[in-house]
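A.B. asks: Next up is a structure, given as structure tokens.
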Amino acid sequence: MTPSISWCLLLLAGLCCLVPSFLAEDVQETDTSQKDQSPASHEIATNLGDFAISLYRELVHQSNTSNIFFSPVSIATAFAMLSLGSKGDTHTQILEGLQFNLTQTSEADIHNSFQHLLQTLNRPDSELQLSTGNGLFVNNDLKLVEKFLEEAKNHYQAEVFSVNFAESEEAKKVINDFVEKGTQGKIVEAVKKLEQDTVFVLANYILFKGKWKKPFDPENTKQAEFHVDESTTVKVPMMTLSGMLDVHHCSTLSSWVLLMDYAGNATAVFLLPDDGKMQHLEQTLNKELISKFLLNRRRRLAQIHIPRLSISGNYNLETLMSPLGITRIFNSGADLSGITEENAPLKLSQAVHKAVLTIDETGTEAAAATVLQGGFLSMPPILHFNRPFLFIIFEEHSQSPLFVGKVVDPTHK
């Protein structure tokens, strides 16, 4: 008699709050000598870069008319941890779907790289708030394989919770409380429904709160037009910043590139395509170009106008990951026998990723002056982010992409 299938839920959450710092701006050039260049850090950053772009392109393929926002780190971490308990084709599909070449990289190196990344991300920083968390929620009569449990704790800093999934409302509350606490109340009710036979839930969250090194003055924020497409225009609060900024035009991408640093170890890369060049940007962008932008910093006098916004992403990862080759884990052929000691096979019934982004100007303190002084030898560029653009937020030590987004309509949350 074939044993019944028990359900496993994979829940991912991401939060990014970008808040301007009302402190005197730091005008020093970014010191790239402090970057963490260890092999483990470099390995994971390379693969996450490939994975982030592959995932982004799949989202664009599914819908190129809506905002996009997700955390490659959150998604990759959760699936990598799940691979600890997978076997056979299920195991291979997960790691290859995360862009790892299994003939060149050992599984031990992969998990060591994630361990190193999570240690880096959770490193205390007085100026930047960045933390991640992994929760394993296990039915109280289910026994996990000791090897899986030990490696999940050691490599992924996982916390384990025993819950009674027969009491679905109480089980949902335990899981949602974990995510809500980890994201400081920004993501609530992450789980809306649990399948009847759920016995195991893996939840991952990432929280990021950063303050700009070069702050925006709220008094300079004015209502302005944002061109969603050729026929749609919306009004948005447009922030303005002038000064020595890291901005240049990339002919390869047919786009303007703006790098903005946070107090702490994070950088945002904004990509504003020339008129009609969004598709070219999306098809041409690669991790090598982004790496050059991060390493070859150059400042010039410039002025930028960028919308204040709050957007979110909510994705069913089965439809997102399947085109990347991760399919077996979602069907009855899944082999997750390395997770539990029970005879009933596990299948991933749900994989949900939720992410929230806020770029705002809260607070009433006067910002340091960012007014240009003196004359220009040539006219400085003035960038208006008044049409769809992309952005990627990186952790500097590991150069790992924390968040990737596309703003099509800043009025849609």
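Each residue, glycine too, has its Cβ placed from N, Cα and C.
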A.B. asks: Swiss-Prot tags one of 148-167, 248-267, 368-387 as region 'RCL' - which one?
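C.D. replies: Within the set 148-167, 248-267, 368-387, Swiss-Prot attaches region 'RCL' to 368-387.
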A.B. asks: Near ASN101 (N-linked glycosylation site), how many other Cβ atoms are within 10 Å of its Cβ?
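C.D. replies: Summing over all protein chains shown, ASN101 (N-linked glycosylation site) has 9 other Cβ atoms within 10 Å.
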A.B. asks: Return the single residue from the glycosylation sites list (ASN64, ASN265) that has the minimum number of other CB atoms within 10 Å.
C.D. replies: ASN64
A.B. asks: Cα distance, ASN265 (N-linked glycosylation site) to ASN64 (N-linked glycosylation site), nearest Å?
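C.D. replies: Their Cα atoms are separated by 31 Å.
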A.B. asks: Cα distance, ASN101 (N-linked glycosylation site) to ASN265 (N-linked glycosylation site), nearest Å?
C.D. replies: 29
A.B. asks: Averaged across the region 'RCL' (368-387), what pLDDT does the model get? Just tell me the whole number, please.
C.D. replies: 57
